[in-house]
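Enquirer: As annotated in Swiss-Prot:
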COMPBIAS  14-49  compositional bias 'Pro residues'
COMPBIAS  84-98  compositional bias 'Low complexity'
COMPBIAS  102-114  compositional bias 'Pro residues'
REGION    1-145  region 'Disordered'
TRANSMEM  165-185  transmembrane segment
TRANSMEM  197-217  transmembrane segment
TRANSMEM  228-248  transmembrane segment
TRANSMEM  253-273  transmembrane segment
TRANSMEM  283-303  transmembrane segment
TRANSMEM  307-327  transmembrane segment
TRANSMEM  346-366  transmembrane segment
Amino acid sequence: MSHEKSFLVSGDNYPPPNPGYPGGPQPPMPPYAQPPYPGAPYPQPPFQPSPYGQPGYPHGPSPYPQGGYPQGPYPQGGYPQGPYPQEGYPQGPYPQGGYPQGPYPQSPFPPNPYGQPQVFPGQDPDSPQHGNYQEEGPPSYYDNQDFPATNWDDKSIRQAFIRKVFLVLTLQLSVTLSTVSVFTFVAEVKGFVRENVWTYYVSYAVFFISLIVLSCCGDFRRKHPWNLVALSVLTASLSYMVGMIASFYNTEAVIMAVGITTAVCFTVVIFSMQTRYDFTSCMGVLLVSMVVLFIFAILCIFIRNRILEIVYASLGALLFTCFLAVDTQLLLGNKQLSLSPEEYVFAALNLYTDIINIFLYILTIIGRAKE
């Protein structure tokens with residue numbers, strides 16, 4: 001008789017661990033008695049049609065359906081192999097694992113009550129042949145630390161944005177420094193601006209209009225090349241104003257103010273890039289402080305006092321130093337607030353006005369202290 005009920009093939013490519021039966025009488029396999037079949041070669045080909053009928057089980061009633069197997073491609077469930085000592089078999093328990101659930105009709109037999117599937121030497125117990133396909137699947141790379149969610153394209157765009165902002169800022173500061181140098185060291189120019197004060201108000205009007213357009217018109221400041229044209233007009237007008245203010249101070253005071261401003265701004269920018277503290281979360285406090293400083297400036301117009309002006313200039317320099325730290329962190333993109341890479345003109349404008357205000361307040365402190 002064919003040994004069709006020896007094992008079930010339903011995704012398992014491994015033969016049963018039992019060796020072939022030796023010749024001679026075969027002891028019955030409890031609780032089901034198999035007809036002796038000497039010299040049966042193992043493993044048997046699965047589900048081969050057999051010319052022999054399948055007898056029922058002679059030993060008592062069984063909770064499992066009896067009778068021969070129908071001839072057809074119906075997979076049968078595996079029989080649990082209990083730890084029964086057999087003649088010709090190695091003594092020991094043979095735990096038989098449950099078969100993986102596949103897209104095949106399953107046997108009505110109860111699942112195997114025994115533990116883990118059998119693992120042959122040299123095989124990985126975690127391999128798919130010995131695992132549960134219902135719980136296993138392709139590895140997910142979304143939660144894998146080896147595949148972070150950081151987009152390298154975004155990083156490169158952000159770095160290019162920072163380089164562009166500092167390039168524009170460098171050009172602006174170069175124009176302003178050149179203008180201040182001319183207004184400070186050339187006596188003819190210094191005398192002209194002192195005699196024609198009205199040019200200061202004209203440049204202030206041009207600066208104010210350019211500042212309003214670039215600050216309030218988002219579409220305009222992102223439209224190339226008009227955004228650069230407006231920024232150039234603003235830089236030229238503000239440079240003229242700064243140079244005219246510097247012409248009313250001593251040359252020594254102007255040089256000291258330039259040096260102190262350079263040191264302060266460089267330190268603040270480096271610190272803002274390296275620190276973990278988020279200065280952008282303090283934007284509301286800085287705006288309120290700006291309103292208070294504006295009221296203080298109106299008070300200084302009507303009360304002409306040297307000490308009061310030094311205090312006002314000190315508070316203004318401190319406030320715009322904080323604004324410089326905030327505007328620097330807005331470029332990085334890893335804080336609570338950040339600027340879009342398209343806003344390089346607006347970012348350069350913020351940094352430029354911060355540095356110019358720091359310079360003017362420091363120049364006021366030095367000039368009033370020397371009087």
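Every residue gets a Cβ built from N, Cα and C, even glycine.
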Enquirer: Given the cut-off of 8 Å on Cβ pairs that are 6 or more apart in sequence, determine whether the transmembrane segment (228-248) and the transmembrane segment (283-303) share at least 3 such pairs.
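Expert: No; fewer than 3 Cβ pairs under 8 Å.
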Enquirer: When you scan the chain for residues with a C-beta under 8 Å from the transmembrane segment (165-185), skipping those not six or more beyond its ends, what do you find?
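Expert: Tertiary neighbours of the transmembrane segment (165-185) are 193, 231, 235-236, 238-240, 242-244, 246-247, 251, 254, 258, 331, 344-345, 347-348, 351-352, 355-356.
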Enquirer: Take the C-beta pairs under 8 A between the transmembrane segment (253-273) and each of 197-217, 283-303, 307-327, 346-366. Which stretch has the highest count?
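Expert: By the under-8 Å Cβ criterion, the transmembrane segment (253-273) pairs most with 346-366.
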Enquirer: Would you mind listing the long-range same-chain contacts of the transmembrane segment (307-327), meaning Cβ under 8 Å and 6+ residues beyond its ends?
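Expert: Distant contacts of the transmembrane segment (307-327): 264-265, 268-269, 271-272, 279-280, 282-283, 286, 289-290, 293, 296-297, 299-300, 347, 350-351, 354-355, 357-358, 361-362, 364-365, 368-369.
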Enquirer: Restricting to the same chain and to residues at least six past its boundaries, which positions have a Cβ under 8 Å from a Cβ of the transmembrane segment (197-217)?
Expert: 227, 230-231, 233-234, 237-238, 240-241, 244, 345-346, 349, 353
